[in-house]
Amino acid sequence: MISLVTFDLDGTLALSKQPLLDSMGEALADLLHIAHVAFEKQIVLRLPARADRSKLWLLPTTGTNLYTCKEGQWDRVCANLFNNSDKERILEAFDLSLEKTGSKPEKTWGNRIEDRGDLMQRLPEMSINIGGATSIDITQKGADKAYSLKRLGDQSGIPLEEMILIGDAIFPGGNDYPAHQLGLKAVKVKDPDGTLAAIAGIHACLGE
């Protein structure tokens, strides 16, 4: 039984750094009729008005925050946030890693750091995973997607056995991989077209 579907964003629901297409917004609205859905905060504004937000869970910043919709308002259930000192250390580590690789990009996205291993050496007390084609996720140690989904299960009352993850980074070092290690059912996709096909498959499985 599938009661909740959780999605990655970049490379899964939308192309990296691109807005959600209307076709994906409609597919997610349809999915909310038959299951709870969890994804990152940026997607909400792209959903059609008919989407049932009462069954929607937001997991921004790799799931380190959790929001739910109550009476039309978004309520933050819990959060794991960096303090200012940690933020400064992370930014400094990025600068040093970029300097080491000789990368001096003008924009703040793209292939800026080729080897996350350098960051792992500089920030050993933090979790560092590849977030997609153009991002690296840094969270407090242990505050990865496995942690966030266990917390989501506690808050929603939906057991992990009834959740399924759809993502493009289900590989060692990818930010979706901790959820796979947790034992969650997972579907690896290459792009948003693959995600639309996976959503159609879920509808078929649930008989809707």
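Backbone N, Cα and C atoms are what each Cβ position is placed from, and that goes for glycine too.
Listed in TrEMBL:
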BINDING   Ser135, Asp137  alpha-D-mannose 1-phosphate binding site
BINDING   Asp168  Mg(2+) binding site
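The number of other CB atoms found within 10 A of the CB of Asp168 (Mg(2+) binding site), across every protein chain shown, is 25. Asp168 (Mg(2+) binding site) sits 14 Å from Asp137 (alpha-D-mannose 1-phosphate binding site), taking the CA atoms of both as reference points. If you draw a 10 Å sphere around the CB of Asp137 (alpha-D-mannose 1-phosphate binding site), it holds 21 other CB atoms from the protein chains shown. Under the three-state DSSP scheme, Asp137 (alpha-D-mannose 1-phosphate binding site) falls in the strand class.
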